[in-house]
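These notes concern the structure reproduced below.
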Amino acid sequence: MAQTQDNSALFAAISKAADQYPKPEGVTFSYGTAGFRTLGSRLPSVILRVGLLAVLRSQRLNGSTIGVMVTASHNPEPDNGVKLVDPAGEMLEQSWEAHATKLANCATTADLIAAYESIATALRINVNAPASVVYARDTRPSGPELIKALETGLAAYGSQIKVSDIGITTTPVLHYVVKATNDKTGLYGTPTIEGYYVKLATAFQTLVGNRGPLAPLYVDCANGVGAIALADFQKHIGELLPLKAINTDLDKAGALNYQCGADFVKTKQQLPPSVAAAGYLSAPKTHACSFDGDADRIVYYYLRDGKHFRLLDGDKIAVLAALFIGDLIARAGLTDKIKLGVVQTAYANGSSTKFINHRNIPVTCTPTGVKHLHHAALRYDIGVYFEANGHGTVLFSDEVLETLKNAEPESPDQKNAIKNLIALSEVINQAVGDALSDLLLVEVVLAHRGYGAEEWDESYEDLPNRLVKVEVPDRSIFLTTDAERKLTSPAGLQALIDEAVSKVELGRSFVRPSGTEDCVRVYAEAASSSAAEGLAITVSDLVKEGAAKVAAEKAGTVA
Ligand code: G16
């Protein structure tokens, strides 16, 4: 009985908070590839409700700390978004995405309370139990208003829950802080932004050893929060790696991700105009990289012969990392004990997959989204996972770390390889893809190999490819199977795509609805650039026709 009375008080407080942020009419929210994402102005009610779910999730997991990140990453500036981070720093467990979607779409406060109660009852959660939530945001103008909505919801619980605001920071830092906070051993690192920098800097210094100082590196920060992280991190490594930040304007309206950043470079396959105009890459042996708006992705590039743009994307980073780690494992004498694997998505260039396979490293293909790749990577002792768009990391299992720490090296070379493997596990963010941590990984490998971008690029030649966004009336009609490589709906469309692909040498193409933007993505690759372009256009046209046909059928008119 007492329990019911306590609940009533809590639900009254939640209702009062939720009443301040009603759900906008006519919008259906869904938890997509990386949480909720849409125009920031539509999101206050969603953010408040995600905060409520974070409390439930924490209570379900005995008070473990749950993260809430307010960001829309690579999306345009007017968009915003929110995602939940689970205790090990991973994306929210997938079965909970439905709960998030349910709460976000309740039309009224009364519906919201009923849904909240039903989730709590179904999962046997004591809604009066303690909970802990940590949150952060990126630099988007809509961020402060959305954080206010989050805080309004969390305030309804009073002192029953522990709440921590770590301010404006990158998505990977929030993931790190969540993981470190929940790490009972205390070995993962100090659970603060400063603790993150110290951990990365210490491991980086070990790995560079006497190879430093390294050549200056130009970093396009996409006019986002990565600019702050880069400047702060520089203080921890001094001149060991001079980081020359570009596109660091956090105050100019509309600048975020505009004509710059990892997504721009990967999609357009060209330098950001700002980088091209400044001529940063005209000096020989220079390379540069681009972060996205919340610094969880990175792609590299350089100009071959000072002229031709060459992209070193997530696939190239995966290859660089996997071969280097494979060599270290061999040098450490642990080939029989440590199973190394690579995880990619359908967007991985066919040449990269072939190249990795030829090196006898197993490759797994998963649907798009770090949440899928991360779990597949956990199945290896050391799992290298990267999406072609530059989102990825390397996971070391607890058993591998134990093996490395307890290994008894028989030579200085073995000892060195083991030391470097341990340091790699610390420089690489074990929670999620992280542009800064990946940057350090790449620079370390290049320094060890004595490579510049050209030598790195020589590993394999990408098949020419195109990635196109197609706007359709309703992207939810596009359903996929086989790790998103085939469409199951609209009916008949896949057969037409297959036919188009069969006419193109080394042709491959697939279609999937984006989980972060209101569009359908079309990927095409082929033996030549013009053939890839042609295939992308043909398949895009098929997609538009298919979508129009379904829309006409729904409207009861003839297509
Ligand atoms: C997010 C996800 C990535 C995904 C990307 C694009 O990245 O974390 O795994 O590749 O969206 O997804 P989609 O093609 O479904 O739009 P970010 O950097 O935007 O958070």
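One is the number of the first residue shown, and numbering goes on along the chain from there.
Cβ coordinates come from backbone N, Cα and C, glycine included.
TrEMBL lists ASP292, ASP294, ASP296 as Mg(2+)-binding residues, and of the candidates SER73, SER502, SER509, SER514 the one it assigns to that same site is SER73. Among the recorded positions SER73, ASP294, ASP296, GLU387, residues whose Cβ is positioned under 6 Å from ligand 1 are identified as SER73, ASP296, GLU387. Mapped onto DSSP helix, strand and coil, the domain 'Alpha-D-phosphohexomutase alpha/beta/alpha' (113-187) counts 38 helix, 15 strand, 22 coil. On its own chain, SER73 (active site, phosphoserine intermediate) has ALA34, GLY81, ASP138, THR171, ASP292, GLY293, ASP294, ASP296, ARG297, THR516 as residues at least 6 apart in sequence with a Cβ closer than 8 Å to its own Cβ. Same-chain residues with CB within 8 A of the center of the SER73, ASP292, ASP294, ASP296 CB atoms, the Mg(2+) site residues themselves not counted, are THR71, HIS74, ASP138, THR170, THR171, GLY224, ALA262, PHE291, GLY293, ALA295, ARG297, ALA435.
Around the Cβ of GLY515 (substrate binding site), 17 further Cβ atoms fall within 10 Å across all displayed protein chains. Sequence-distant neighbours of ARG521 (substrate binding site) (same chain, six or more apart, CB under 8 Å from its CB) are LEU467, VAL468, LYS469, VAL470, VAL511, ARG512, PRO513, SER514, listed in sequence order.
Counting same-chain residues at least six beyond the ends of the domain 'Alpha-D-phosphohexomutase alpha/beta/alpha' (64-99), those with a Cβ under 8 angstroms from any Cβ of the stretch are 31, 34-41, 43, 46-47, 50-51, 53-58, 119, 131-138, 140-143, 146-147, 150, 162, 164, 171, 174-179, 181-182, 222, 253-258, 261-263, 292-294, 296-297, 369-371, 374, 430-432, 516-517.
According to DSSP, ASP292 (Mg(2+) binding site) is assigned to coil rather than to any helix or strand.
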